[in-house]
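Undergrad: Pasting the relevant annotations from Swiss-Prot:
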- 41-65: region 'Disordered' (REGION)
- 354-410: region 'Disordered' (REGION)
- 119-160: repeat 'WD 3' (REPEAT)
- 273-316: repeat 'WD 5' (REPEAT)
- 320-357: repeat 'WD 6' (REPEAT)
Amino acid sequence: MFDTVCTLPLSADLFAQAIHPSEPIISVGLSTGHVQTFRLPTEEEEEHSDDEQASVSSSRNGKGHIDTMWRTRRHKGSCRTLTFGIDGEMLYSAGTDGLVKAAKAETGVVENKILIPTAKDGSVDAPTVVHALSPQTLLLATDSSKLHLYDLRVPYSKVAAPPQQTHRPHDDYVSSLTPLPASDTSTSGFSKQWVTTGGTTLAVTDLRRGVLMRSEDQEEELVSSTYIGGLSASGTSRGEKVVVGGSSGVLTLWERGAWDDQDERIYVERGAGGGESLETLTVVPEELGKGKMIAAGLGSGKVKFVRMGLNKVVSELTHDETEGVIGLGFDVEGHMVSGGGQIVKVWHEAADSIGGEKRGFGGDSDDSDDDSDDSDHEPKQGDDSRRKRKKQKGKDRGKGPEIMAFADLD
């Protein structure tokens, strides 16, 4: 069981969300080009804080603080995608200004930049996905369906240095990228292969050998993906699958190593003309005691929970009534973070599911932090050419906490 303990209002539409790998920190990228980083309270701070002052959250009786660590207008266009480095020290952002910027996660100070190669006509080839594969390798996908590999050890130059490799795994832009865990024989422990979705196909690319394969046409746009291991192994199955979210509300399961075609389908959202798009996927931490489970953020604003093995939806909650969910994940403390529209919500296990008092937390206003990077003024709402499945802006978000329970699992 989860309840929402905090709602963070944003100054513009959310285009990207990233969660720190080892600290309770989240970063957001906005349509205006702003990047903002928040620190969430730890479990210990939540339990012992006596601070009852007003906060930016909608939590009625929350304790503790959500602090704005820094805020800046990082890109002159929109900020399309964000990712933390492997160790969490760096935050990489990419925008429609044709730049990737590497900044210190703690302070927001930019330490390196990458110029994205332009399109054939000389225009900006805007980014769609950025992912730090290892401390040395950054993956960057663009609107033109290119997938660039950069060596992070190369310093910034005003003369655009070419990427170390460029691949084209799909005919359409890369909509999601999921690294595959390193093999047991790996000496570095870092991923060397990854799965991408783009258009109606899935592809697997190797760091050294390039694109290894591309699936058959799935006759449906593939939107999101995630990896889950530790499933029941039987026959040729190793218990490792990549789960892919489609534009019509269907999850498809792909056995690792058998990439030609999907082997299972799960209907998450049904509708007369097809279900809502599954915009983002994440694995629910097993520490929460719910078994193997996937959380899916939908274009309708709902978050649905799918129990693997049962292969069915066991519960759902609502992030927003009008805006779709484009960011979803869990921080190191077990908080679920959902983002979409102009709000980010932070959730935790409800009191009756963990046998303790209800915990909550609030935060400080983000309006007092000065921008620290490329600009110190608020621009008008940035426009973006990305083919995004966006809905009209929501109007009233002043709602109380929502509660979600897992049917037959408590």
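Placed from the backbone N, Cα and C atoms, the Cβ positions cover glycine too.
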Undergrad: Residues sitting near the repeat 'WD 5' (273-316): Cβ under 8 Å, six or more positions beyond its termini, same chain?
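TA: Long-range Cβ neighbours of the repeat 'WD 5' (273-316): 221, 223-228, 230-232, 243, 245-251, 264, 266-267, 322-330, 334, 336, 338, 340-341, 349, 389, 391, 404-409.
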Undergrad: Cβ under 8 Å to the repeat 'WD 3' (119-160), counting only same-chain residues 6 or more beyond its ends: which ones?
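TA: Distant Cβ neighbours of the repeat 'WD 3' (119-160) are 77, 80-87, 90, 92-98, 100, 102, 112-113, 166-177, 179, 188, 190-191, 194, 196, 198, 205, 207, 384-386.
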Undergrad: Just to be sure I understand, if DSSP states are collapsed into helix, strand and coil, how many residues of the repeat 'WD 3' (119-160) fall in each?
TA: 0 helix, 17 strand, 25 coil
Undergrad: Would you report the average pLDDT that the model assigns to the repeat 'WD 5' (273-316)?
TA: 93
Undergrad: Report the DSSP secondary-structure composition of the repeat 'WD 5' (273-316) as helix, strand and coil residue counts.
TA: 3 helix, 23 strand, 18 coil
